[in-house]
């Protein structure tokens with residue numbers, strides 16, 4: 001990255017960016033046939049709840065596998081090797097979880113017209129406090145995530161040779177405007193283009209790059225040599241102390257993944273529970289892609305790429321090995337890959353604000369059309385917040401907050417999921433568990449210097465595990481104890497649940 | 001049938017089982033191709049459970 005503007009790459013980039021912008025504005029009229037409810041939050045915030053298997057596949061895949069994934073997973077693999085691969089088991093294990101839990105959550109939401117996870121929680125437990133806790137966690141966990149999308153975009157814009165924050169700002173103004181006008185339909189439609197482009201880029205890269213470098217054997221061998229020279233906790237396989245953190249990070253992240261407002265928005269927008277089950281079968285196809293993208297981190301060693309910032313490794317690899325027009329195409333794919341999740345995230349956060357803060361506390365009489373209006377404006381504010389955040393605060397801060405966000409969102413798991421399977425827990429026990437989980441998890445992460453794993457000592461042995469999972473254990477334990485102390489839920493409450 | 005869904009968890013969370021470089025396949029160390037293998041396996045398992053659910057008419 002020598003600061004020279006690469007005009008060929010830039011023109012290709014701008015062409016594709018312009019293409020999706022047009023699509024984004026056109027999207028408001030797409031798929032809005034049969035049951036259009038006009039100015040209703042269901043239309044703007046959930047695309048009319050009418051997305052079939054294919055659209056859901058693209059939408060959920062598009063907002064789950066983000067631009068930041070494409071940049072950060074290879075960066076981590078480049079830096080530490082095998083340990084960075086926890087993303088692969090994580091994104092495999094997420095689908096059995098989706099298959100079992102999400103159709104039930106969809107049913108609960110569909111029956112009562114719920115738009116957010118916090119709606120579902122209020123519907124079941126009738127506790128404004130618990131609803132507030134879940135909604136607040138969702139908003140706080142999503143904001144830094146949007147900022148990370150901006151970082152992904154910043155990295156590729158820099159690789160095109162353009163410095164300064166103006167292009168980033170322009171991209172986000174465009175994003176904000178078409179999300180405002182088209183709602184969830186915009187990212188759903190753009191996800192098609194994004195995925196097609198990313199698939200082309202990755203398939204070309206995983207076939208051509210090893211061919212240029214001498215095959216996968218060479219790729220792994222040169223990475224192995226580089227790690228051996230570097231020493232420390234790096235290598236092609238895990239050090240024994242890394243095994244437990246690897247497994248717990250994979251499991252904890254998989255449990256947290258579909259608690260985020262943006263992934264849930266994709267679930268609630270599905271036409272039927274069957275759509276979601278089918279998607280659990282077909283979504284693992286994306287995981288193959290993720291694993292292949294992760295391998296780009298190893299290819300960088302074979303290609304003798306050296307970067308100061310690990311995040312630059314993928315763009316640097318493309319710039320070094322491909323003609324500029326293809327680099328431009330690849331960078332456009334990554335940048336558009338940031339727009340889809342950023343749009344869905346801002347919609348998810350806006351839905352939460354509207355349904356779980358605005359409606360209960362500001363205007364209980366708000367009409368569905370009024371809700372849509374509030375949500376549209378909030379989605380603008382959320383994106384503005386993310387831009388301000390990234391312009392004025394150091395990148396590391398966004399990364400740290402996102403890490404904490406993962407710990408936080410995992411603490412909503414008991415409140416959102418347990419009630420779908422059994423009715424034993426009451427709202428106060430769940431709320432206490434949530435509070436202890438959030439406080440304990442944040443404190444552990446903070447005390448460890450914002451690291452995702454915490455080391456426990458039992459006698460002479462030490463065990464390092466994912467902090468989020470540790471906090472979740474604490475969370476559930478506290479909920480169980482409080483529930484036992486308060487004597488279980490009365491028959492009356494249970495039958496009230498059944499009736500609602 | 002639903003118990004089959006536990007298999008990916010066992011296969012992937014029992015890390016010492018696959019934390020080796022050998023046997024390699026097409027240049028990929030075991031650690032990597034084993035994990036990749038679980039992607040189609042998991043999809044297949046979920047599909048089997050899905051089909052069985054359909055037969056039983058699970059809502």
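Just so you know, the numbers here start at 1 and follow the chain as drawn.
Keep in mind that glycine also has a Cβ here, set from the backbone N, Cα and C atoms.
Any TrEMBL annotation is an automated prediction that lacks curation.
Between the listed ranges A:166-184, A:261-279, TrEMBL ties the annotation transmembrane segment to A:166-184. Range annotated as transmembrane segment by TrEMBL, chosen from A:112-131, A:132-151: A:132-151. If you look at the transmembrane segment (A:166-184), the same-chain residues 6 or more away from its ends with a CB under 8 A from one of its CBs are 17, 21, 24-28, 43-47, 59, 150, 153-154, 157, 265, 269, 335, 339, 342-344, 346-347, 376, 379-380, 383-384, 386-387, 390. Between the transmembrane segment (A:132-151) and the transmembrane segment (A:54-77), the number of CB pairs under 8 angstroms, six or more residues apart, is three or more, so the stretches are in contact. Of the recorded ranges A:243-260, A:325-353, A:401-422, the transmembrane segment (A:54-77) has the largest number of C-beta contacts under 8 angstroms with A:325-353. Against the transmembrane segment (A:466-485), the recorded stretches A:6-27, A:83-102, A:243-260, A:325-353, A:429-446 differ in Cβ pairs under 8 Å, and the greatest number is found for A:429-446. When Cβ distances are compared across the two stretches, the transmembrane segment (A:6-27) makes no contact with the transmembrane segment (A:429-446), since fewer than 3 pairs at least 6 residues apart fall below 8 angstroms. Taking pairs at least six residues apart, the transmembrane segment (A:401-422) and the transmembrane segment (A:243-260) share three or more Cβ pairs below 8 Å and count as touching. Contacts between the transmembrane segment (A:325-353) and the transmembrane segment (A:196-223): present, as 3 or more C-beta pairs lie under 8 angstroms, all at sequence separation of six or more. Between the transmembrane segment (A:243-260) and the transmembrane segment (A:83-102) there are at least 3 Cβ pairs closer than 8 Å, counting only pairs 6 or more residues apart in sequence, which means the two stretches are in contact.
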